[in-house]
Amino acid sequence: MGRVRTKTVKKAARVIIEKYYTRLDNDFHTNKRVCEEIAIIPSKKLRNKIAGYVTHLMKRIQRGPVRGISIKLQEEERERRDNYVPEVSALDQEIIEVDPDTKEMLKLLDFGSLSNLQVTQPTVGMNFKTPRGAV
C-alpha cells in the first residue's frame, strides 16, 4: 500500500499548481526542478513528496477539474460553457416530437400552448438488462 500524504504536502502542491500551472508537466523530474526553483523546501525528501503529488494532481487535472484547485484556464472554460447560447433555439423547430409524459410536463411548466408539438408514442422493446434475481 502507498503512504498517506500529509496536509503540508497537499497544501503546498495545490498552491504550486495554482500559481505555476504553466511551468508544470506530467513529468516528475521536471516538476521536481520547478518546485526547487520556486519554493524554499527544507529537505530533499519533502521536495520529492511535493513534486510527486504535483505530478499526481497534474495527471488528474488532465482528465477533468480537481476539487480544491482553481486554475484560471479551467475557470474561463467553465464560464464559456455556462454562458453558451445555441444559435437556433430548440423551440424554433417546425415540429417537436414528444411522448405523452413529456407533453404533460410541458403543460405543468406552462409550455402546453406551443403549436409545433407533436405527440408520438414511445418505442416499446428497449432491451434493458434486468438485475440478476429480479422477476
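Cβ coordinates come from backbone N, Cα and C, glycine included.
Taken residue by residue with DSSP, Lys103 (SUMO1 cross-link) is part of a helix. Per Swiss-Prot, the feature SUMO1 cross-link maps to Lys103; the stated evidence is similarity to another entry.
A C-beta separation below 8 Å, combined with a sequence spacing of at least six in one chain, links Lys103 (SUMO1 cross-link) to Gly112, Leu117, Val119. Summarising the annotation, Swiss-Prot assigns SUMO2 cross-link to Lys103 and lists similarity to another entry as the type of evidence.
Under the three-state DSSP scheme, Lys19 (N6-succinyllysine) falls in the helix class. Marked as N6-succinyllysine by Swiss-Prot: Lys19.
According to Swiss-Prot, the phosphoserine annotation covers Ser113. Taking Cβ-Cβ distances under 8 Å and a sequence separation of 6 or more, Ser113 (phosphoserine) has no neighbours in its chain.
The phosphothreonine feature in Swiss-Prot is assigned to Thr130.
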